[in-house]
Amino acid sequence: MERLAFLPFAQSQLLLPLPKVAAIPTPHNSNTNDNNTNVASDCVSNSIRDCHCAQDFCLSDRTVDAGFAHGVPLPQHQQQKQQQVTVNPNSRFLHFYASRGHKLLPSASLVPDDPTVLLTIAGMLQFKPIFLGKRCIRTNDINNVGLTARHHTFFEMLGNFSFGDYFKKQAILWAWELSTSEFGLPPDRLWVSVYKDDDEAFQLWSNEVGVPVERIKRLGEEDNFWTSGVTGPCGPCSELYYDFHPERGHVDADLNDDTRFIEFYNLVFMQYNKKDDGSLEPLKQKNIDTGLGLERLARILQQVPNNYETDLIFPIIEKASKLANVSYGFADDQTKRNLKIIGDHMRAIVFLISDGVVPSNVGRGYVVRRLIRRVVRTGRLLGIKGDGRGDLEGAFLPIIAEKVVELSTQIDADVKNKAPRIFEELKREELRFVQTLERGEKLLEEKLSDALSNAERNGTVPCLAGEDVFLLYDTYGYPMEITKEVAEERGVSIDMDGFDIEMEKQRRQSQAAHNTVRLAIENGENVAENVRDTEFIGYDRLHCKAMIESLMVNGNPAVQVSEGSNVEVLLNKTPFYAESGGQIGDHGFLYISEGDNQSKAVVEIIDVQKSLGNIFVHKGTVQKGVVEVGKEVEAAVDLKLRQRAKVHHTATHLLQAALKKVIGQETSQAGSLVAFDRLRFDFNFHRPLRDSELAEIELLINGWIEDATLLQTKVMPLADAKSAGAIAMFGEKYGEEVRVVEVPGVSMELCGGTHVNNTSEIRGFKIISEQGIASGIRRIEAVAGEAFIEYINARDFYLKQLCSTLKVKPEEVTTRIENLLEELRVVRNENSAVRAKAAIYKASGIASKALLVGNSKQYRVLVESFDDVDAESLKSAAEYLLETLTDPAAVVLGSCPVAAFSPGVVDQGIQAGKFIGQIAKLCGGGGGGRPNFAQAGGRKPENLSSALDKARSELMATLSEKGRCKCRMYSYMKDSFDSERRSGDSFLSILIALKDVGIT
C-alpha cells in the first residue's frame, strides 16, 4: 500500500503517448493530521515534468500571497494565521498531503526511463509498472497554443496518488478541503463533474461535501472515464471546475465552455481492469491518480484572463516583447498570440535541453527542434532582429532563455547549472535554422503566389502542391510544419496526400538499398503461415542438428534446390544469430550427410535475417549436392566470425558507458552496427569530440578490458530490468521478458545480441574515426579483438615503410614530413612565379594584335589562344595585357578561358562573369566570377577555337554598338545646345564632361 504526493511536474503535449503513474512501497506513516488519524500511509504526493505532443508543458515556482492570493481572499482563519507570509502553491499542496500521510517524491525528468515512450507525458508515468504496464494516449494540437486561454506545450502538474490505500471518499474530501480551505477558493464558484454511472461519486459530492446538485454534472465516457488503452487499468473520473461567471446561473451551464469554466483538478478512481472482450472486472487493489494544473490554479488565484498572463509565463513574454519592441498590453490579437507562443515554447525548450534532449531529426530531438524552429520563425514575424545587445546577426533565443532559467531556479536548480550548455545549444540551432529559413522563404513565397494566382484564375481554392512542399522539405530543409503554418496564414491549403506520396517514394528508394526478407509469394500464399517460429540456441551452442522446414528461391517456395543456386532456408531451430539490434547475421554452413561423415550437400550461409517476428531466414548458396525440404542438416556457425561479432558487440556497450562518463549522461544511442571487421556507434551530441576526449574514452575502455570482468546475462521482466537501471534503446520494442547484459560496475543494457564471457576476450580497442552524420548526431567507428590486432599491424607496416622511405625513426616522421611540405611549398611558389613570368613574356608578344573598336576606335579588344599555360599564369598574362592596353580594354585568353575587362568596359554593362559563362558553354562547361575578371572551364577543348571566335565577334559587336550610341548622344546634345543658343563656355564644359566618360 502506498500514498504519494508529487512535486510539480511539467507536461509537454506533442501528439505522443500519454503514460500513467505508479509508486514505490514505503513503511506506514502515522504522522497524519487530526482529522485523518486512521488513514494508512500508502500514498504519494509529488510532481513530475511531462511531455506530450504539443499542448501542455510547464514549471512553476511563483509565490502567492497567503492572505489574499491575488484577488481571491483566503478564509479569515488563514489570513490571521499566515498574515504577511508568502507561500508557494507547490509548497502548500505538498504540505497539505504530507501532513496526511503521503510520501513526497521529487520531480521526474522529461526524458523517461521507459524506452517505449518518447517523453514524460503524465505524472503516472514513473509508476506505470504498478498499473499492469499499460499506457494511455492523449493528443493535443500545437496550433492551440496562444489561441486558447489554457493550452500549452509545457505545464506543471501537482498530484497525489494512492495504491491500495484510501479511495474515492477520502480523495474527494481532501480535494475539496485543499481547494476551499488551503487555496481559499469560494465554494459557490466550484462545480463538479462525475462519470454518468458513478452514483457513488455523485452522492459523496452531494451528501458528504455539500455541493448543490445543480452544480454536479454527469458526463460521458469520453470526458470522465480514464482507460490505459484497449485493455488494462481504468476507472471513472471526477473533476473540479472554477466558475468565472457565476452570474450566468445554472440553467444550461456547459462545463466545456472555456469562456466561463476551467477544470483545474482531476481525480481518477482506478477501480477496474478492462479485459480483451471489453468487460470490466474490479481491481483487487483500488488506486487513486490525481492531477492539479498549476498554471490553471495560478490563473484562478491571480484573476488574470488566461494562463499566459500569470507570473509563471508572463515575465518570459515581457522579455520577448522588449526584444520585439512591442507592448503586450497594446498589441493586436495576432501579436499577442505570437508572444504567447514564445513564452510557452521557451519553457519547454529549456527544460528539454536541460534534461539531455539534443535537437535532431529523430525522436525526442525532433520534438525540441520543432519547438525551437517555431519560436525562431515567430520571433522573426514579430520583428526581432539580433540578440537585442547590438549584434543584429546574433541569436535571440539564449536571451529569452535567461529569463526561463531565472524562473526555474526554485523548481529545478540543476537547470541553472546547465544554463551555459542550454544557451550554446540554442544559439547554434537558431543560427543554423535562420540559414534554412532564408533559403526556403523566397521559394515558398513564389510557390504561394503561384497557388493564389492559379486559384484566382481558375476560380478554385488555393492549394500548395504536395510536390512543392516536399521540394522545400527535402531539398531546402524547410520544415513541413512551418510550410503548412505559413500557407494557412496566407489562406492556402496544403496537399498533404501529395506530400505523403512523395515521402513514400523517397522511403521506398531508401529501402531499396536495404536487404529485406520476403516470405509472401505472388499468388498470395504466405509461407510464414505454415512455418513455426525458429528456436534459437546460438547463445550456448554454435552447431546443432535441425530440420529444413522450407526452402525459397527468388521469393518462391521450392521442394529441393540444386548445386549453384542461391537459396533461403528455414529451419526448426538454429545456432545462427539473425541480424538484429545492430549486430549482423552469422555466417557458416549447413551440411546434409549421407553417412560415414561424407557430406551429401553443403550450403554456405552468408546472411541470416528475421522475418515476421521470430522466423530465421538463412540466406546462402548451395555449394554441393541437392538440399530438400524435410531433410536433417548439421548447422554450423563460423566460430571465428562469431567471436569477432561478440567482441565488437561487448565493446559497443563499453563505448556507450565511456561516452556517458566523458561527455555526459544525457548522451544516448542513435544507432549502431556490429560487424565482423568493425563497430559503428551513433549517438546524440552537439559538437565534435576533442582529441583529449577520444583518448580518455579509449583509456577507459582498454582499462575495463584489462580488468578481465566476467559478464552477467539474465532474463527478467522488463519492469525489473528498468528498475535495476538497465539502458534501453529508444524506439526498440521489448517483450514482457527481456535479456539484460551487464558488465558489473560498468554497463547494464537490454540486449539480445551475442557477447564475450569476459572483457579480456576483447584484447584491445581503438577508435578509427569520429564524425558528424546529421545535425546533433555523431558517429564513432572503432575496432576491437582480432580486428584491432589487424588494424595495429597494418598501421605498423605502413609506418615502417614510411620510415624506410624517409630514412628516419618513427618518432621523427612528423617533423620530416612537415619539412618536406614546407620545401614543396617554396618550390611550388618559385615555379608559379617562373610560369607567370613566362606567360607575361608570351603575352607581350601578342599585345599588338589588339583590335580597335567603336566609331572613335576607343575600345581595345584582344581575344587570343594561349596554349600550355596553367590557370594562374593565364590570369597573370590577362592582367598584364589589360594594364598594357590601357582603359577601356577587354581581354579574353584561352586555353582555359579567362576574361579581363577594364572599368571603361564594365561601365558599359558588360560583365566578365556573365560573358565568359556563355562562351564556356560552347566548350561543354561553365564559368563565372567578378564583373572585371572571370575564369571558365570545359569538357570539350576541341571547341576552344570556335569559342574564342565567338567571344571576339560578340565583344566587337557589343562595343561598336556602345560607341555608336555615344556618338548619337553627342550629336543630339550638340543640336539641342545650338538650337537654344547655349553659350560657348557652357557647351565647352559639356564636351569636357562627355570626354571624361568616354564620348569624343
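Just so it is clear, glycine is given a Cβ too, placed from its N, Cα and C backbone atoms.
Per TrEMBL, the features are:
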type: SIGNAL; residues: 1-23; note: signal peptide
type: DOMAIN; residues: 84-794; note: domain 'Alanyl-transfer RNA synthetases family profile'
type: BINDING; residues: HIS649, HIS653, CYS751, HIS755; note: Zn(2+) binding site
| request: May I have the list of same-chain residues other than HIS649, HIS653, CYS751, HIS755 whose Cβ is within 8 Å of the Cβ centroid of the recorded Zn(2+) site, in sequence order? | output: LYS646, THR650, THR652, VAL674, VAL741, GLU749, GLY753, THR754
| Cβ contacts of HIS649 (Zn(2+) binding site) (under 8 Å, same chain, 6 or more positions away) | GLY582, GLN583, VAL674, LEU679, CYS751, GLY753, THR754, HIS755
| said: So if I measure Cβ to Cβ from HIS653 (Zn(2+) binding site) and keep only same-chain residues at least 6 apart in sequence, which ones fall under 8 Å? | reply: VAL741, VAL743, SER747, GLU749, CYS751, HIS755
| task | Summarise the model's confidence over the domain 'Alanyl-transfer RNA synthetases family profile' (84-794) as a mean pLDDT value. | result | 85
| request: Count the Cβ atoms, other than its own, that fall within 10 Å of the Cβ of HIS755 (Zn(2+) binding site), considering every protein chain shown. | output: 24
| What number of additional C-beta atoms lies within 10 angstroms of the C-beta atom of CYS751 (Zn(2+) binding site)? | 26
